[in-house]
Amino acid sequence: MMRFHKACHRFSLSPLCHLSPPSPSPASSLLLLPKLSGFSTLSTRRCVRVRRFSENPLTTVMASRSASRLRSLASACSGGAEDGGGTSNGSLSASATATEDDELAIGTGYRLPPPEIRDIVDAPPVPALSFSPHRDKILFLKRRALPPLADLARPEEKLAGVRIDGYCNTRSRMSFYTGLGIHQLLPDGTLSPEKEITGIPDGGKINFVTWSNDGKHLAFSIRVDENGNSSKPVVWVADVETGVARPLFNSQDIFLNAIFESFVWIDNSTLLVSTIPSSRGEPPKKPLVPSGPKTLSNETKTVVQVRTFQDLLKDEYDADLFDYYASSQLVLASLDGTVKEVGVPAVYTSLDPSTDHKYLLVSSLHRPYSFIVPCGRFPKKVEVWTTDGRFVRQLCDLPLAEDIPIASNSVRKGMRSINWRADKPSTLWAETQDGGDAKMEVSPRDIVYMQSAEPLAGEEPEVLHKLDLRYGGISWCDDTLALVYESWYKTRRTRTWVISPGSNDVSPRILFDRSSEDVYSDPGSTMLRRTDAGTYVIAKIKKENDEGTYVLLNGSGATPQGNVPFLDLFDINTGNKERIWESDKEKYFETVVALMSDQKEGDLKMEELKILTSKESKTENTQYSLQLWPDRKVQQITNFPHPYPQLASLQKEMIRYQRKDGVQLTATLYLPPGYDPSKDGPLPCLFWSYPGEFKSKDAAGQVRGSPNEFAGIGSTSALLWLARRFAILSGPTIPIIGEGDEEANDRYVEQLVASAEAAVEEVVRRGVADRSKIAVGGHSYGAFMTANLLAHAPHLFACGIARSGAYNRTLTPFGFQNEDRTLWEATNVYVEMSPFMSANKIKKPILLIHGEEDNNPGTLTMQSDRFFNALKGHGALCRLVVLPHESHGYSARESIMHVLWETDRWLQKYCVPNTSDADTSPDQSKEGSDSADKVSTGTGGGNPEFGEHEVHSKLRRSLL
């Protein structure tokens, strides 16, 4: 499925893939103001947990007084609302005086940021969009606002790396759509009036929206509220022509099991659905008396190194609970009401129909489970079935994979990447030849195999290709053309091979062999077209009076002046290419989104080419258009309003500068609307970034992104402080370079400080930032960066904001981020990189924020707890805020608003005046205006590390 997540909307063009809205995150679109649940008390489960420390010994007395005042206000707070009426969100009373407000900030209660920030975050969300298979209709999927904290507070089971809502039998914290509407795409490029999908229950929560192959039906799940909880999901279908929706099953006792695979279209009238087994009964009960001690043993002396995974199974009771919630009964359900159970209940994780709709690839997990790795490494069976449920054969039964090495490019032993060819019903897989250990030197390293769905007796798998790097997938076209990808992270090498799957006498050849870091040499990716079977294959293009084999290459067009996306017509045999489309370079940033003339058999004619493009500028949000050949006629099909008109005239510039070692650096500088440095003077500045590793100085210095891209502002984005008249230095590059055999992190601190110094000097030189009023911030690895900069470069920054970070690398001993040496192999590196070890050096105010339920590997909540205690133990001015029920990324409106309030308070108090005992802290929150304590204090707010897409949306690994 193609998704385009710009500032405030998203497209999907793959009708066979499930559409389910993402959980709100810093990159999510702006969302609408929801009703907030009332809180009867200000308990620690419902209110932000704040810890603070001040160098002044009087703080303890003042904190005690503040706590007493909070207790006296608790009942009043629980009855008030942010607008002065209605249900409460647990916020403090708006009648508090300025002095009381800052004292109360030391305690508990959710707060609101100033109106200029709040209004941007509360802007209405634009629907997500999905094209029909024939590209003649657009489905508008309507979304709700930021969810209330009550949604996150629902009980959840944490099992094998999965968080489960046991009442619904779904993943917990699932967001949803609230309504569906269909527009016909008219010949002139305009949209018909909306046809609303009717019949959906009031308040229905919609997920997993998918088109049938012929585009005549939609399938989706619906949950409704029952006694304060969401019901178990039920599968519904809608007739696209009439717009009428109805339940798929006649029985009201058949529910969807949405823990793993939900449902797939087998043909245009039949779905294969994962259902809750009707006979499963009540969930297992935890024994009151344990049957014995918990034991882990390694008497076989097996080397098992794993990262700090979270939410793992703890005992046999957890294993039983995992089986209970994850096990499904597969059911074939036709639109005419016919129902047939297939197979036996099992933990099915994937259902993949073949291109001819005769076979299924069925994947399932089974025991023995593990207590040290998540379910993705559990024993796994992959089988071939017919679509009516008949077992054909077993492809593999992979054992438990606890011993995958931590080195980059290490993989599971045995068959992997098992799937169908996109152009015919043949199974495809890769097998490692190095035992999965990237440190082993072997050739070949991977072998790619292919075999028909039902091989003849004695028929051996066919070797499709042998690779010396790690296999990375295949783009299929037909028996004469496919592209095989391989790469190796340590060297950043990536290669693309051309093969002829149906011709053994045609030798594979290398098409591209380059560095993945070298964005200037990126030739682009082949464009795919949709087949009648619903799969995607390489689009072959036919030119008039030309027998060449042409494909379309869609590239980002990175240049020293910024990205200029392009579309090339590429001769796969000669390497010759012709640029048939290119983005505007002066004012607009345009991209090719998808091929729209793909519902045709055979090669596509150049003169019939139709593509979907996007267009935006620094101040104009993204709109979508159709472009038709041969005359390149443009038909705009969307007209989304500006999501935050109050910042429509913000100033944006991509700036370049140099580090003292000669490395070229870039950043995006944002300035408030109407700001003139010659008249207004320098501004307070927020420096928000995220480091990245590189193998070469040249690659590190390349420009990424475009100066003409629209400034999308997420709900926790640093750009929100443009509304508070800050200069924002967004994503200043902080390359940590390890050339040759050198590991990047061997000189982490040195390169980190040098990059920050260069960025600060540049904004000061330009006269837009006051040197004494620059704050630094980031989340996850960006929070780690923030703490290190305050420890090793305190002269650069007035204060810091660190959200959901990890600060003590000895607590992640088997690697972190892109570091794959262990603590015992690189002890000095782990210690020197850990700001925890330099807590005694941090003298500038630091705000720590963390979700109480952070499940990101490496960033356990205790990282912030322990770092705060280390800082407090050395008299640092610090504040820690722990957000109840929040994970690595924050989603509840109460949490997000409080994070913004905490961040704004910190900036106004310690950056704008740049004094630790400032007596002003302007805050126009409904709950009261902030005022400084009479003693130096530090406190905290929160934001996740894993969602800052402005800086690291394309990072290769999960942030640790």
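From the backbone N, Cα and C atoms, a Cβ is placed for every residue, glycine too.
Copied from Swiss-Prot, the annotated features are:
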type: TRANSIT; residues: 1-62; note: transit peptide
type: REGION; residues: 78-98; note: region 'Disordered'
type: COMPBIAS; residues: 89-98; note: compositional bias 'Polar residues'
type: ACT_SITE; residues: SER780; note: active site, charge relay system
type: ACT_SITE; residues: ASP854; note: active site, charge relay system
type: ACT_SITE; residues: HIS888; note: active site, charge relay system
type: REGION; residues: 915-960; note: region 'Disordered'
type: COMPBIAS; residues: 924-933; note: compositional bias 'Basic and acidic residues'
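Annotated features taken from Swiss-Prot, shown on the structure.
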residue: SER780; record: active site, charge relay system; Cβ neighbours (10 Å): 32
residue: ASP854; record: active site, charge relay system; Cβ neighbours (10 Å): 28
residue: HIS888; record: active site, charge relay system; Cβ neighbours (10 Å): 27
Local backbone state of HIS888 (active site, charge relay system), from DSSP in three classes: coil
Nearest-integer angstrom distance between the alpha carbons (Cα) of ASP854 (active site, charge relay system) and HIS888 (active site, charge relay system): 5
Integer Å distance between the CA atoms belonging to SER780 (active site, charge relay system) and HIS888 (active site, charge relay system): 8
